[in-house]
Amino acid sequence: MMPRLLLRDWPRCPSLVLGAPSRPLSAVSGPAEYLQHSIVPTMHYQDSLPRLPIPKLEDTMKRYLSAQKPLLNDSQFRKTEVLCKDFENGIGKELHAHLLAQDKQNKHTSYISGPWFDMYLTARDSVVLNFNPFMAFNPDPKSEYNDQLTRATNLTVSAVRFLKTLRAGLLEPEVFHLNPARSDTDAFKRLIRFVPSSLSWYGAYLVNAYPLDMSQYFRLFNSTRIPKPSRDELFTDTKARHLLVLRKGHFYVFDVLDQDGNIVNPSEIQAHLKYILSDSSPVPEFPLAYLTSENRDVWAELRQKLIHGGNEETLRKVDSAVFCLCLDDFPMKDLVHLSHTMLHGDGTNRWFDKSFNLIVAKDGTAAVHFEHAWGDGVAVLRFFNEVFRDSTQTPAIAPQSQPAATDSSVSVQKLSFKLSSALKAGVTAAKEKFDATMKTLTIDAIQFQRGGKEFLKKKKLSPDAVAQLAFQMAFLRQYGQTVATYESCSTAAFKHGRTETIRPASIFTKRCSEAFVREPSKHSVGELQHMMAECSKYHGQLTKEAAMGQGFDRHLFALRYLAAARGVTLPELYQDPAYQRINHNILSTSTLSSPAVSLGGFAPVVPDGFGIAYAVHDDWIGCNVSSYSGRNAREFLHCVQKCLEDMFDALEGKAIKT
């Protein structure tokens, strides 16, 4: 079970003004050091956030069985039903009581936080493809600002401005406003700032506003996942002031904050990046970055060799850098090329362990590629939106800006690593493994132009439910099956919430899919519309339950984790092939929509699966799908297109074309 990008469509920032005729340049001194000056302190609500509830065991069992129903035949389901009953009345009851007691003793956090960190950090698979996703920025609306040097400078300065704003407590708290006319106002903010932080959440709740957990934000900067035997560690050094830049597999560092914590003049940052872009050194014979794509135990062993070989100080500079800026030397050909580049690249020019890599291609196409153990995308999406808005609306430099007359050869340090023959062999082996894996990955995308959110809402259907129904229908059309499907939902409304799983495959989607795919002529348009409405209603219920911490996946995961921690024999429920099957997520799905995002993507979570990143926009639906050689992503997308056409036909009162 590997959660992907933050799914629920929380509003992140005011709508972007994309066609502003002129732009003020930020001076980056004094007030311009910050993106915003929130009158409510950033962490004002954190202490009073509600705690993530532990569902009742009987509710978890009911929800689990409901999710299993479309995946099992009658005899399999009866067997699973018996195992659930035995678990609920036996060892499960005992484990649940222990979980409740443990949760009572740890009121500073959530019951899932520790186990979830462990799940990520003990995983030994490469972080590339298995965990790290990407989000690509829309181009700067002013085309001349998409020059690589200009955009890299502006994104870097805006990112450092975000860092300063966050650490000064001046970043607006993350709040989900159900009634923004009441809660997203200066008057309310002036009032709530005086409410003690131990009570502030309740004040927001009274005006239908829901503050979200921001505990993950501190890992956004100066952070790296360090490979260790058996379990990795998250490392953060907030004192470091330098940026790490990768280009052609070479490593460079320079300060982006001065000794007083002020942002270095943007024209100096521009000069340093120009200096790096002018370095004509060829790609190193043994590009060290490949090691971050290795199996974690292999990388841990090689890292120790690096340290013992006299590279400790150099590695420390990589690990502690505010973030990693990757400058690529080629433009993007199309969306598929963009996805491959931002999801994995060629392995030489990313440090996959950094909390995030900010990638800027030759044509200014930019993306954030992030490591997933430290957070679920809540912080990344907020950072992403704020940086896009700031860099496009108040850019630090213009295309005609001249770089500072500074000696970058003094300010920029090019890092060099001493590599033993064992390390060189390690890099070569990592490269071979990386190249072989990437050859098996296919990515393809479609844009369905007939309609989107506006049309579906007029038909009183959940846009997300319709997209998920299209995936169920498409898989049935292509492979004749209903399979385990995963949609991640943020539980950031709770203290140290992570994610919960929505299980989109249901008896309703199965019935509706079979009607559309196998027997459309047997059903009237009205019947098909009714089935879609049933799917939408049930999906809405599942989504609400998940967001409120009332799914079944995290609860069962925590009980299993507790059993292992207490040395209890693995309960039979977890040995059931049905449990293995529902957690073998052939359809792993993730959605986000934001004015800043052009598209996102991730790899399948199982070898025979699809990784489906999608967004339902106002008048179109986008879908970016990955697969390994055992599945056909292009054919799947043809099926998705056909299924969306069929559903839109039915909603418009037309007969389904066979």
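Every residue gets a Cβ built from N, Cα and C, even glycine.
The structure displayed is predicted, hence computed values, not measured ones.
When the ranges 119-148, 179-208, 299-328 are checked against Swiss-Prot, the one recorded as intramembrane segment is 179-208. The candidates are K56, K85, K104, K495; Swiss-Prot tags K85 with the feature N6-succinyllysine. Secondary structure at T499 ((R)-carnitine binding site), taken from DSSP and collapsed to helix, strand or coil, is strand.
In terms of C-alpha distance, the listed recorded positions K79, H372, K418, K439 place H372 closest to K460 (CoA binding site). Distance noted between the C-alpha atoms of D464 (CoA binding site) and S488 ((R)-carnitine binding site) is 12 Å. Annotation for K239 (N6-succinyllysine): spatial neighbours N222, S320, criterion Cβ-Cβ under 8 Å with sequence separation of six or more.
Computed over the topological domain 'Mitochondrial matrix' (209-658), the whole-number mean pLDDT of the model equals 97. Closest by Cα distance to T499 ((R)-carnitine binding site), from the recorded positions K458, K510, K544, is K544. Minimal Cβ crowding within 10 Å, among the recorded positions K79, K305, H372, K439, is found at K439.
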